[in-house]
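See below for the structure under consideration.
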Amino acid sequence: MIILNVPFTLRPTFRRIVKRKSVEEYSPIPYLATLINCLVWVLYGLPMVHPHSTLVVTINGAGILIEIVFITIFFVFSGRPKQRLVIAAVLAGETLFVAILAVLVFTLQHTTTERTMSVGIICCVFNVMMYASPLSVMKMVVRTKSVEFMPFWLSLAAFLNAGVWTVYAFMPLDPFIAIPNGIGCVFGLAQLILYAAYYKSTKRMMAERQPMMGLSSAVVRIGSEKVAQQSA
């Protein structure tokens, strides 16, 4: 599931992408995973599937719109054609999957109990996948000893989101919400611990990189001035 303060937590990341006109080493996987997660939860929250789940539908419906905006930005500023192709293919696959799932549920199952069970299990799977999607980024963090491309606010939002929905799942008990979000708390906490462990080393590496970037810019500027003088 998703919380509505996600646009604010991800704003620094996407501001950087737009400013630099590049996604750099950021991964689209968490956003694609969140989109399919929101899609299946909207299906779960429909009155014909799981009655009295208005909150689930509205929040995840808003989440779909938010993720579409983020993925569009990611698609536009991805400089790799192969990555764009993968994003487009995954989006098509997610849309087709949810459409087929909806058709099968509404034609083959005729009670809300049956529909809640089948869609709920699928929601659990995708919810856990969403929380586990940053694992590839976490692997890169351990390898590079840098959290530069693992946004802190995204990790914090994931942890808080999982915690809030876990509490919500016990009023009354809904195991399909409680189980994946409980697991999500663990994944979110792991990301925060990793961020704390490599925060100082990241700052140090970025500080060391600044003089080199300044030197490169100076060399380029001097070279341009010399070419201009020779041309004159």
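Cβ atoms are placed via backbone N, Cα and C, with glycine included.
Now, the feature entries from TrEMBL:
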| type | residues | note |
| --- | --- | --- |
| TRANSMEM | 29-49 | transmembrane segment |
| TRANSMEM | 55-78 | transmembrane segment |
| TRANSMEM | 85-106 | transmembrane segment |
| TRANSMEM | 118-137 | transmembrane segment |
| TRANSMEM | 149-171 | transmembrane segment |
| TRANSMEM | 177-199 | transmembrane segment |
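Two recorded stretches are said to be in contact when at least 3 C-beta pairs lie under 8 angstroms, sequence spacing 6 or more; the transmembrane segment (149-171) and the transmembrane segment (85-106) fall short of this definition. Counting residues 6+ beyond its ends, the transmembrane segment (177-199) has Cβ neighbours under 8 Å at 1, 56, 123-124, 127-128, 130-132, 134-135, 138, 141-142, 145-147, 150, 152, 155-156, 158-163, 165-166, 168-170 in the same chain.
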